[in-house]
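Database features, via TrEMBL:
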- 48-454: domain 'Amino acid permease/ SLC12A' (DOMAIN)
- 48-71: transmembrane segment (TRANSMEM)
- 77-95: transmembrane segment (TRANSMEM)
- 148-170: transmembrane segment (TRANSMEM)
- 182-206: transmembrane segment (TRANSMEM)
- 226-248: transmembrane segment (TRANSMEM)
- 269-290: transmembrane segment (TRANSMEM)
- 310-336: transmembrane segment (TRANSMEM)
- 366-384: transmembrane segment (TRANSMEM)
- 390-413: transmembrane segment (TRANSMEM)
- 434-452: transmembrane segment (TRANSMEM)
- 458-477: transmembrane segment (TRANSMEM)
Amino acid sequence: MASRSALHPQWAHTSPQKLAIRWIKMDKNGQIIEREKGLARKLSQRQLTMIGLGGAIGTGLFMGSGIAIGYAGPGVLLSYLIAATIALIMMYSLSEMAVAHPTAGSFGTYAELYLSEWLGFIVRYTYWAAQSIAIGGEAVAIGVYMTFWFPGVPVWMWTASFGAAIIHANTRSVSSFGSLEYWLSAIKVMAICIFITAGLALIFGIGHAAVGFGNYTADRGFLPHGFAGVWMGVLMAIFSFYGIEIIAVTAGETQDPKIAVPRALRTMIVRLVLFYGLSLAIMLAIVPWAEAGAKGVTQSPFVKVFAYYGFPYAAAAMNFVLITAALSSMNANLYLCARMLFSLARGNFAPAAFGQLNRQGAPVRATLVSSVGVLIAVLTSMFSSSAYHYMFGVALGGGILVWLIILASHLSFRRHWARNDLGTLSFRAPWLPWPQYLGIFLLTAILVTMGFDREFWNVGIISVTVWVMVLGSAYCLRNVLRSLRPKS
């Protein structure tokens, strides 16, 4: 691993304390942030808030919740509570750094600044790859949703068609992306509100007999598979929150990140708790968990709620919302991928062509390359009915590694900031460092658990291990080749 002194020989005889100050000043003077200039700051506060929701409310909730319920039964509420706690710890850490350093490279740049260049390299490529795979997973989910209306059409055809549409949308300007994502997110947020209202009416008997909460304990109690089932449910639940990092990444294209990022974070916390908590609680009360939950995904449990009580048109409408939700997540995730690859290119970690922008300030080439997950999704859905499971398993493994590095970066960031008396942060994560230590412990435990699962989650830990080994070798080879170049 190359040290900062090795990367910058003029600092070789500088004390660690002064080196830290100079490193941070280099960032403050814009020498690292400057390399990522050119992206248009056209995202409004309103768009950023809705985009944050759009990145988190997708197939992880609408379809993945069925897998989580299959593991944990009604205890899935605890699974999502644990996952939400981890996600909020990570987001507070990331938001603090994003307000201090708004840049498209986001946590990749922070890892490079406060941990090492090697970890900055690892985290950006890992996130790019994981999100690319997640995009493919969303595309597969859309294909599955479409079988509700067209059971005879192969899933891969829908996967390819909708994937192409989202790729086209992301090659336009960032303002176009923001507007599209705003309305896609608004549709699913409104749909969840309607779902919650209708569900509460069913539970408390407004206009008909009350359903009540008997399903919570009717089939082997609240924890039918014990705490082990709850913990396995966390694996799917944590993926549901994968994508909320978009708030920090969009800081580089937001009009006023010091105000917009904290406000979007606080708004998102309240809405996610309401949407995830209430919608899952209502679903479990209306439909027996054994019917709502299934490890083999063929239909969303949200559709099952309406179909269970004989509302076929409502079920069809909900299926449309699910497709919209998946499109929204695909759109947001492709945006994230393109910005990570753009950041890598501007840092000389990827071909320079991926760091080029079009006239509207959008990284078109980075977007096209980042859509590789759609191609993988088409191929896997043609040959395997478990494509959804395996693709999310791979994406989850990479996502957890990224979150671990974000928390480690934040701890180092705060130590540097305090040690060198760099002033008061305008936004601070509370109770540091204990929440970060808790988050690191829980994320590590999830990675270990994934390694013992023999269905599809173990593919995540296997792929991450191989991926880090490959990236480490590539990084070392890159440095060797650079050292052999003749100095001009």
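Easy rule for this one: first residue shown is 1, then count along the chain.
Just so you know, glycine gets a Cβ as well, placed from its N, Cα and C.
TrEMBL labels come from automatic prediction, so no person has curated them.
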Next on the checklist: With pairs fewer than 6 apart in sequence excluded, do the transmembrane segment (77-95) and the transmembrane segment (366-384) have three or more C-beta pairs that lie under 8 Å?
Outcome noted: no
Next on the checklist: If contact means at least 3 Cβ pairs within less than 8 Å, sequence distance 6 or more, would you call the transmembrane segment (458-477) and the transmembrane segment (269-290) in contact?
Outcome noted: no
Checklist entry - Looking only at the domain 'Amino acid permease/ SLC12A' (48-454), what is the mean pLDDT? => result 84
